[in-house]
Amino acid sequence: MMDSSGYGLLQYLQKLSDEEFQRFKEHLRKEPEKFKLKPISWTKIKNTSKEDLVMQLYTHYPGKAWDMVLSLFLQVNREDLSTMAQTERRDKQTKYKEFMKNTFQHIWTMETNTYIPDRSYHEFIEVQYRALQDIFDCESEPVTVVVSGSRGGGKTTFLRKAMLDWASRNLLQNRFQYVFHFSVFSLNNITELSLAELISSTLPESSETVDDILSDPKRILFILDGFDYLKFDLELRTNLCNDWRKKLPIQIVLSSLLQKIMLPECSLLLELGNASLSNIIPLLQYPREIIMSGFSEQTIEIYCVSFFNTQTGVEIFKNLKSIKPLFNLCRCPHLCWMICSTIKWQYERREVASRFGRTLGLLYTIFMVSAFKSTYARNPSKQNRARIRTLCTLAVEGMWKQVYVFDSDDLRRNGISESDKKVWLRMKFLQNQGSNIVFYHSTLQWYFAVLFYFLQYKDTRHPVIGNLAQLLGEIYAHKQNQWFHTRILLFGMATEQVNSLLEPCFGCISSKEVRQEIIRYIKSLSQQECNEKLVVHPQNLFFCILDNQEERFVRQLMDRFEEMTVDISDVDDMSATPYCLHRAPKVKNLHLHIQKRVFLEIHDPEYGDLELFKLGQKCSFTTNFGDGLLFCTFLHLPHLKYMNLYGTNLSNDAVERLCSALKFSTCGVEELLLGKCDISSEACGIIAASLINSEVKHLSLVENPLKNKGVMSLCEMLKDPSCVLESLMLSYCCLTFIACGHLYEALLSNEHLSLLDLGSNFLEDTGVNLLCEALKDPNCTLKELWLPGCYLTSECCEEISAVLTCNTNLKTLKLGNNNIQDTGVKRLCEALCHPNCEMQCLGLDMCDFTSDCCEDLALVLTTCNTLKSLNLDWNAFDHSGLEMLCKALNHKACNLEVLGLDKSLFSEESQTLLQAVEKKNKNLKVLHFPWLKEELEKRGVRLVWNSKN
């Protein structure tokens, strides 16, 4: 039986006579070819009924059925049906638009907080609005647009305005026939749903069927917001589905839509906050971005004038502008409303205006207390506490359950009476949303949820609400969840200043206990084995500390850490980092990564609003960066011994400031890693000069274009008797054999250097021969030489062999990824068997030798008593060759402890042989990439950063 989805098409086929219907089917045999689709078999449609044919059309040609039918009506001379169908469809589309217009006009008028008059709002969003129009006007193909920006910056409001304007025929009329707006967090409690059911839930009566609507998906736009509040994760999936009729877990439906598996021809307009941006972006195909940048200075002035009367508004605007940190907060529309509301309440009570401060915890508390006093100023604190606690319980229960829309049962269950609800609505703590209730802004739900723990610290059993320790676990263990945004408020409210505001109104506040619990948790976090090298994104901890700023508390927290990895991804991160690290006296090892985009934000107007940074004094730190204070902050940490800036682009000026800080007597850094910092040969000279009298013993400059000129400067440093450098890492530095000439002299005069890494440079045999001349000199004390990927051949093995037989200092030699071949390996084996050879670690991985060398290598294993580690990875030898090696490994004279081999590349028989050797020889480990971890650590290379770089 025909379901309702195909009824619209069927009613028109019913108007065809039998003879017309037969001709219709005959033309249908060729019609799909016009759409580049496969035709339905004639045997399936020859005798089919009209009802069955509709089902087949929707099944075989989803999204194209109506286009085909309208074309076929013309071919059977029923232009009247084609015209009638198109007219009726337009009428139904018009009715849908009218329905959406009325719906969103109500939402816009009653439930949307624009904070400014409509005319001014249009000016506020002019740039973003024009960008939205341009994107869809220029692109005929499906487009995915992401609206991003700070919390409370107006993203959701912008999308509601776009929906209202489309329904009012003022936006994208020629592009989209249907636009659907969904807040995805409303799907949190739905287990399974089809996209068809989701769309149907928004349609008024007498609408087109879902099949008809989706018959032209390129004319459909989905507007989706609320991703920050989803209970479930959306991630790259393989179990996606293209059937929009099929009932599926809601996360599969959303992922399939976002990843363009379901309805790939439709367009998407998404609101993504900070909590969801990094998770959702990887799912999208070539997304375009529109950024909501907040209020301009002019908009703030308009807002103040419209919020107060004209003269008062002008005065308040001037006062706000004179307090730069506070004025910068006003750029966020929601915070601007809070600040002005607070001032208005204080004016009405003729109170002295509060000093707002610059922390969010303090700002929200001043706002809440001012609002509360406007109604309950004379009530006893015990009564006030009981009343506000009901609102806090509603908020925190919602957070734990991930519920953001409440009904009357939710309010009653948490003790909120009808009279209290009216007060909360009047205070703008809550607002109506249809027949339900939501917090006036999502951040207010976070605030009252956190306030719950200050009003009721002692554990009370609740089936849903977790205690403070559990809350901290949710914030830091799971990171991106519904608690993501509360972490700053929790720290910001745990201050004596906030305590002094709350206690007169609500009685005793548990600020001290909350601080102690935070310290206990951070202590446990810093001591966990898995966090031995704690990776800190400033937003996760430093911003929280910055919102507290109580010196004793901050130092108690930062005193817990001895090693940190800090990833700085924007200017705000840069402003928070030095404040916190300056209060971390025990940090010994610091991995610091400043993403390239940070410097673009500072210097390039296209990547950031420089005026905004200046107004908010956010640039003070970045300006100080140029004066060297950034490095002073880090390098003057009393216990700091290890500093890693891998991946941070440093200009010559920045390098100069860094080196100036290194020269201070208070700097005790012994390991300095500057890999991939875009350091030039000129900057290398600056570094070399600064290290002559420093305490730096380990220097990594890998992946920098130092060239031969830069190495020449380093060699001058090495020749200075005051230089105490022991390790120098120079892989991927664009060096040639000429650099080896400079190093020759340095190796003969430096007594401290024990490790030299020259991997992946174009040294060739000529360069290595020069190094060998130095190594044969008894004055050369080098212990490790890394030469992987240096374009060596078997020709240089003669000189290397001579070194092995006369130099007893050299213990490690890495020759991997060179074209040494059988001839070279055999020559090296002769030297390794020499009684004077004391080699301990030898790398021959990827050296293009065969099983012909295995007999020679086997002899080395039983002859060279000092050899402990041998890397033979990625070489082509067969089972017979492996047998010879294993026989030697089982020999009592073999002292090898590490053998580099990828066991998975060998046959099952060979793997069994290796396993037997490992079982017999308990001291031996057969490993793939046996030295990779050590090499990356010494070079300071970070493989993965949590960044958008």
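These residue numbers are counts, starting from 1, taken along the chain as shown.
From the backbone N, Cα and C atoms, a Cβ is placed for every residue, glycine too.
What Swiss-Prot records for Gly149, Ser150, Arg151, Gly152, Gly153, Gly154, Lys155, Thr156 is ATP binding site, and it gives sequence analysis as the kind of evidence. Taken residue by residue with DSSP, Gly154 (ATP binding site) is part of neither helix nor strand, so it is coil.
Looking at the domain 'Pyrin' (1-94) alone, the prediction's average pLDDT is 77. According to Swiss-Prot, the feature domain 'Pyrin' maps to 1-94.
The domain 'NACHT' annotation in Swiss-Prot covers 143-465 and rests on sequence analysis.
Residues 646, 662, 667-682, 684-685, 687-689, 724-736, 738-739, 742-743, 745-746, 752, 757, 938-941 of the same chain sit 6 or more residues outside the repeat 'LRR 1' (695-716) yet have a Cβ under 8 Å from a Cβ within it. What Swiss-Prot lists as repeat 'LRR 1' is 695-716.
Break the repeat 'LRR 2' (724-745) down by DSSP state and the numbers are 9 helix, 4 strand, 9 coil. Under the heading repeat 'LRR 2', Swiss-Prot lists 724-745.
Annotation source Swiss-Prot lists repeat 'LRR 3' at 752-772. For the repeat 'LRR 3' (752-772), residue counts in helix, strand and coil come to 9 helix, 4 strand, 8 coil, using DSSP.
For 781-802, the entry in Swiss-Prot reads repeat 'LRR 4'. Distant neighbours of the repeat 'LRR 4' (781-802): 731, 747, 750-765, 767-769, 771-773, 775, 809-821, 823-825, 827-828, 830-831, 841, 843, 845, 935; these residues of the same chain sit at least 6 beyond its ends, with a Cβ under 8 Å from one of its Cβ atoms.
According to Swiss-Prot, the feature repeat 'LRR 5' maps to 809-829.
Looking only at other Cβ atoms within 10 Å, the busiest spot among the binding-site residues Gly149, Gly152, Gly153, Gly154 turns out to be Gly154. Within 8 Å of the centroid defined by the CB atoms of Gly149, Ser150, Arg151, Gly152, Gly153, Gly154, Lys155, Thr156, the record's ATP site, lie the Cβ atoms of Gly273, Met292, Gly294, Cys332, Pro333, His334, excluding the listed residues themselves.
As a summary of secondary structure, the repeat 'LRR 5' (809-829) carries 9 helix, 4 strand, 8 coil according to DSSP. Least packed by the Cβ count within 10 Å, out of the binding-site residues Arg151, Lys155, is Arg151.
When the repeat 'LRR 1' (695-716) is classified with DSSP, helix, strand and coil residues number 10 helix, 3 strand, 9 coil. Using a Cβ-Cβ cut-off under 8 Å and counting only residues 6 or more beyond its ends in the same chain, the repeat 'LRR 2' (724-745) has close neighbours at 673, 675, 691, 694-708, 710-712, 714-715, 717-718, 752-764, 766-768, 770-771, 773-774, 786, 788, 938-940. Within 10 Å of the C-beta atom of Thr156 (ATP binding site) sit 20 other C-beta atoms, taking all shown protein chains into account. The DSSP breakdown of the domain 'Pyrin' (1-94) into helical (H, G, I), extended (E, B) and coil residues amounts to 67 helix, 0 strand, 27 coil.
Over all protein chains present, the Cβ of Ser150 (ATP binding site) has 19 other Cβ atoms lying within 10 Å. The DSSP secondary structure for Gly149 (ATP binding site) is strand.
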